[in-house]
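Student: Encoded as structure tokens, here's the structure I'll be asking about.
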Amino acid sequence: MSRADALPPIAPAGGSADAPNGGPAGAEVAATAPDDPRLLRTRAALTDALLRLLERMPLDEITVAALCREAGVHRTTFYGHAPSVHAFALTVFTQDLDQLTAVAAEPTETPEHLAERYFDSLTRVLDHVADERVGYRALFGSTSRGVFRAALDERMRRRARVALEVWRAKRVPGAPVADTAVDQAAAFIAGGLVGAIEAWAMGDETDAAASAARIAALMPAWWPRRR
């Protein structure tokens, strides 16, 4: 699945027509099915245009008009996808990572085997961020940094909670059992992962497996180790 295939339209938040990358207050999402071929083509064109523009200028300087010119689409068409350039960029990059961190636990697999798959997922995330550093650096360095980090944290916390529920069900020694403890552990792990991803994005390292191994070594002592 491509990035464009995964991006649903975003409900407009009522931006200002005069804002650098915000939409008109009356903009409405087009009533088009999310898997409509035209919608997917437009989304892909906007995503590719955004990545090209980010090679030349900061995210905060990209206007809706400039993005639409680069993508060859009308502004009204853009507002069927997002209320602003920042909102579109946030959706593109947070959903990429959300997909890459999805790991379905099999009832019969051991904690060690599942931990191996979580490690592979983390390596894929770092590889992906390295491949698209321009975009991730743009978001981490923009006025939307806080919103971007919060969106990533929410997704990472949800993924961490899934893993912790598996550890609890499998009675992994030392893993949190009480709901409050699970919530705190999920928040702690998610916060660390988001920080590590930002540090990776802002750096120049390219060995994703080595970085993933360092991050994995920082996990709590009770977190199952790879086989």
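We count from 1, first residue shown onward.
Backbone N, Cα and C define each Cβ position, glycine as well.
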Student: Looking at 1-33, 34-66, 133-165, which stretch does TrEMBL describe as region 'Disordered'?
Tutor: 1-33
Student: Mean pLDDT over the domain 'HTH tetR-type' (40-100): what is the value?
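Tutor: Across the domain 'HTH tetR-type' (40-100), the average pLDDT comes out at 92.
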